[in-house]
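Peer 1: Could you have a look at this structure, given as structure tokens, before my questions?
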Amino acid sequence: MNHKVLLINGPNLNLLGRREPSVYGHQTLADIVAQLNEQAQAAGVQLEHIQSNAEFELINAIHATDAQMIIINPAAFTHTSVALRDALLGVDIPFYEVHLSNVHAREPFRHHSYLSDKAIGVICGFGAQGYEFALTAAIKRLKSAT
């Protein structure tokens, strides 16, 4: 079986490396995705990636994917998007939620997630390494299911 993971990055993550590096780090999104592609290929897993500042594009990607697992950093949509939650529940694909910063150590409005209670797991506060942790977990879960 050919395993596939969909990696979703929400609004403003295209600015990684430039936007508040003290909070989000110095790596660009392209650098992070390149590392994850290497990790996925080494495990024999296909990684599909989308980043968008538009909620509907992320929803359409969720609806259209044939991936067996999703890793999502919803960014600001974490705290606002019932639509993303409904899209994820609608396709019934297990997902991990990732945040670069520790959202619980930040402003109170960032403490609530519309996705966390439905995620397999939530990884936050590890910077870009959080994506690697999520991909490792996703690969293990996919491989154990076959």
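In case you wondered, yes, glycine gets a Cβ from its N, Cα and C as well.
Take a look at what Swiss-Prot says about it:
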ACT_SITE  TYR24  active site, proton acceptor
ACT_SITE  HIS99  active site, proton donor
BINDING   ASN73, HIS79, ASP86, LEU100, SER101, ARG110  substrate binding site
SITE      ARG19  site 'Transition state stabilizer'
Peer 1: Highest CB neighbour count within 10 A among the recorded positions ARG19, HIS79?
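Peer 2: When each Cβ's neighbours within 10 Å are tallied, HIS79 leads.
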Peer 1: Pop the Cα-Cα gap between ARG19 (site 'Transition state stabilizer') and HIS79 (substrate binding site) into the table, whole Å please.
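Peer 2: On Cα coordinates alone, these residues lie 19 Å apart.
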Peer 1: Do me a favour and check the Cα-Cα span between ARG19 (site 'Transition state stabilizer') and LEU100 (substrate binding site); whole Å is fine.
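Peer 2: Here the two Cα atoms are 12 Å apart.
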Peer 1: CB neighbours of LEU100 (substrate binding site) within 10 A?
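Peer 2: By my count, 24.
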Peer 1: Please report how many Å separate the Cα atom of ASP86 (substrate binding site) from that of the residue listed as 'active site, proton donor', as a whole number.
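Peer 2: For ASP86 (substrate binding site) versus the residue listed as 'active site, proton donor', the Cα atoms are 20 Å apart.
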Peer 1: Just to verify: the residue among ASN73, ASP86, HIS99, SER101 with the fewest other Cβ atoms within 10 Å, which of the recorded positions is it?
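Peer 2: Counting other Cβ atoms within 10 Å of each of the recorded positions ASN73, ASP86, HIS99, SER101 gives the minimum at ASP86.
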Peer 1: Let me know the DSSP-derived helix, strand or coil state of SER101 (substrate binding site), please.
Peer 2: coil
